[in-house]
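Annotation comment: TrEMBL describes 87-489 as domain 'Major facilitator superfamily (MFS) profile'. For 90-115, 127-149, 161-180, 186-208, 220-241, 253-269, 289-313, 359-377, 383-406, 418-443, 463-484, the entry in TrEMBL reads transmembrane segment.
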Amino acid sequence: MDTLSMHSAARHSLRSSLSASGRAEPATVGAAAAAVFNEQSRSPFRNGHGDQQLEHLHIADGELTAPPQAQGSLTPSLPPVDKGRGAITFLIMSFLLEASLWGYACSFGIVQLFLSSHAPFDKFSLASIGAVGTVALGLYLILPFPLVLLSRRFPHLVRPAVWIALVVNTAAMLASSYATSVAELIVLQGIVGGVSGAVLYIPALIYLQEWFVKRRGTASGIIFSGTGIGGAIFPYLISFLLERYGFGGATRIWTAISVVTLTPTIYFIRPRLPIVRPAPHSRFAPVDLSFLMTASALPMLLSSFFAGLAWYPVSVMVSTFTASLGPAFSSNIVLSLLNASNTIGGMVFGYYSDRIGYAWLWMLIGCGQGILALSSWGTASTLGAILAFVAGFGLLSAQASTWNACARDTAHEHDTDAATIFSALSVVRGVACIGGPLIAAALYEPDLSGDSSAWGRFGFRYIMIWVAAMAFGSGLAGVALAYLQPSSRKVHRA
């Protein structure tokens, strides 16, 4: 049988698996789709040239997909995109997953302050204790890139891997409650917790591309706001648990809370498209990373990198700055407000990323942050002033909520995978997450903690300059992106 005949037979098998009522057995659809995939991988018409009917059916990265105009005829049993019970369930569960995983990591500053004043961790430096949260956050951001590539190669193993990751994450957190050194905490909560947490997050990342298309930016803003909600609420809860039960007891209670929260989210975060189990010995196309070599990739990645270098020094060091202005509890208030305002910013910028070119939003975010760092933070001399700064800075620190809109438009323009682009942005952000606090610690001048100059007081002068420079750099990279990539400045009619 020649290649075109095999294509025709495979497509007929797929269509016949869809009954007149519009329902299909996933296994049947998967087998038929796999047949198309196996034959398409050997065909000289792999990209659709020479076979017009293949333009309506694509097997991408081990999953069955079809353009909107073809879904009605080829995949009538699939739930709708951007709406419906399935999409809403995915959105709610992903929000809870985000809040549970990222909320704790972003609230680690409270744990850091507690450990630094209680045995046996009081003998370790504040910076070394802070490395626990920094390592975990960095791995959350860096690992999605290779994990997305693996999930595209082995899509049928994603959900089993997530359940295993939950067990590993739970065991690591429980073991960390008995830790007696920072090194043990870095290994258990930082490395093991970071790796397992990144695996837990993968379904929300890759299935978002299936459930939301036109409203992907809005959905991203809602999901990412979970970090801010968790970061706004958890500092008070964690502080209460630490004071009441100590580090060991608080960690064990938090582990139980995490299991109760994460278990239903993992169960309900499901793909919209039927998973196609790769046929034995089937050939897979190499991952297309050619986008990274285009002119628009550099400003896109630089903007994300600079935005991270501006955000993380503030999120880590603002509590120390606040301690010079008011009572101890004021640090909790400031950190909570920073995360709460970031929640609002995430939803706002996520919503507008579906309507306004994201490059212009990046310019607004970066330049706004830079101005606030030099003016509002630089001259802050009261608790009210620093509260005003974190409210504005947190509101503008929402570039990540626009990433999915960026990935969607860029993938369409460069004919590549949206999840891969999103993960690339996350990687550079992860590097900034690790490097930003280290740079801030090097720029901090503790000997000047009593300095009350009119600008840049308490030894934070060079940190403020650094944050402003990185923020302006992120905004300028957004301008460059608007010039190099037309889709980044496009106004959508959502």
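Backbone N, Cα and C atoms are what each Cβ position is placed from, and that goes for glycine too.
Automatic, uncurated: that is what TrEMBL annotation is.
Small disclaimer: the values here were computed from a predicted structure and weren't measured.
Contact between the transmembrane segment (253-269) and the transmembrane segment (90-115) holds: at least three of their C-beta pairs are under 8 Å, each pair 6 or more apart in sequence. A mean pLDDT of 88 is what the model gives for the domain 'Major facilitator superfamily (MFS) profile' (87-489). Contact check: the transmembrane segment (127-149) against the transmembrane segment (383-406) gives fewer than three Cβ pairs closer than 8 Å, residues 6 or more apart, which falls short of the contact criterion.
Within the same chain, residues 303, 306-307, 310, 314, 349, 352-353, 385-386, 388-389, 392-393, 396-399, 402, 460, 464-465, 467-469, 471-479, 481-482, 485, 488-489 sit at least 6 positions outside the transmembrane segment (359-377) and bring their C-beta atoms closer than 8 Å to a C-beta of that stretch. Most Cβ pairs under 8 A with the transmembrane segment (220-241) among the ranges 90-115, 161-180, 289-313, 383-406 are made by 90-115.
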